[in-house]
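Asker: Dropping the structure in here first, questions after.
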Amino acid sequence: MLPTSVSWSLYLKTFRSHLLRAPQIVLKRMSSSIDISKINSWNKEFQSDLTHQLATTVLKNYNADDALLNKTRLQKQDNRVFNTVVSTDSTPVTNQKSSGRCWLFAATNQLRLNVLSELNLKEFELSQAYLFFYDKLEKANYFLDQIVSSADQDIDSRLVQYLLAAPTEDGGQYSMFLNLVKKYGLIPKDLYGDLPYSTTASRKWNSLLTTKLREFAETLRTALKERSADDSIIVTLREQMQREIFRLMSLFMDIPPVQPNEQFTWEYVDKDKKIHTIKSTPLEFASKYAKLDPSTPVSLINDPRHPYGKLIKIDRLGNVLGGDAVIYLNVDNETLSKLVVKRLQNNKAVFFGSHTPKFMDKKTGVMDIELWNYPAIGYNLPQQKASRIRYHESLMTHAMLITGCHVDETSKLPLRYRVENSWGKDSGKDGLYVMTQKYFEEYCFQIVVDINELPKELASKFTSGKEEPIVLPIWDPMGALAK
């Protein structure tokens, strides 16, 4: 008999104490091997159910995504009318292809709206490859630094094993984007475009870099264990490793054509077909034309595992040594939604991080948690957002851009959002998606706004210096966008 709600806490306490006293005995009692006779019984039970028979007939003959797609729901949610949109069209549709650069695309797509407006352009892209090159170089060096700082931990520790698992993946966070732009600036894509076997298809390149970095990790850990390995020896080793990583990178990518403070010349034709010439440095281009002030953007998340109104920091996550840490302010969904609307009303697009491609129909470009009729086959999804995060069912995997929303006239809250993706024009409807409010609440985790767009009580969390952040480990789902 199960305990009543009144005695439930006492029951759990007693249960845990039994586990601690005799874990092997208790676990043995709770073990349950598969009973073949029960399989036959279960099969008879399910096969006698007409609903189960219909479901299995359909799923054995058709693709599950196609068969369970609720087309009535799809048609209802595929509404492309938005009463709050940014004034500048973001063209052309970008395509990250077979790379994990979504964060760089979402961030540069946001800033290119400023360039399009400032220079009266019809089409424009910032060079994602320029930032990608330096991100790889910086991440490799950041990894080596993490190996040195964790040298006191056992090689089999969770931290060291996590660091070794993927030293220099393509992913990243908005604060990591800011770290790159502050150091290297921005340039037009016309000056430094993608390459087919490195930037747009990075798997092999990543594999070779990873192998070399793991070798370097062993070298550093071995040297640090030797008493004779003073600081100068480690620094010399690090410089040799940096040189070799740069050499490997130069095999796969051209070196960026200009240094951050070096002047480049860019010619372009505006909407009126007038020819212009710009002379600028990458750092100047970022501030003057892309209108980026790196001190103003802040990240907010909705993570119901932790108290709202608290700062959250992802430990050890970064790319540029000495750069800003990954820090968010945790708020409720209503606050996130209102900030998105406010920013769009100020004619600014919103960088956001979500769990993609959960409940996303790539053919039509609709993101809605009720698109697929899973209950029709007896498959229900009762877990709440906090539980999904805890049990690794939800995590931040993809960054995109919100460029519009439709606000209800009565509640003043958004009903749906216009989303710009970076998977090319054949994904969604010409590269654009519509996201429902319910999807936003369940599978959107992060947005980026300017600190002056926050209410004073929220802005002060970032500026007061009195807030101690909740520190989450580098492998936490809230850091997964950087994978």
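Cβ from N, Cα, C; glycine included.
Features from Swiss-Prot:
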TRANSIT   1-30  transit peptide
ACT_SITE  C102  active site
ACT_SITE  H398  active site
ACT_SITE  N421  active site
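A description of the local structural setting of each listed feature is requested, covering burial, neighbours and distances.
Answerer: In the three-state DSSP classification, C102 (active site) falls within a helix. Sequence-distant neighbours of C102 (active site) (same chain, 6+ residues apart, CB-CB distance under 8 A): Q96, G171, H398, A399, M400, S422.
In the three-state DSSP assignment, the secondary structure recorded for H398 (active site) is strand.
Taking a C-beta cut-off of under 8 angstroms and a sequence separation of 6 or more, N421 (active site) has the following same-chain neighbours: M400, S427, G428, G431, L432, Y433.
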Asker: Suppose we draw a 10 Å sphere around the Cβ of H398 (active site). How many other Cβ atoms does it contain, all chains included?
Answerer: 23
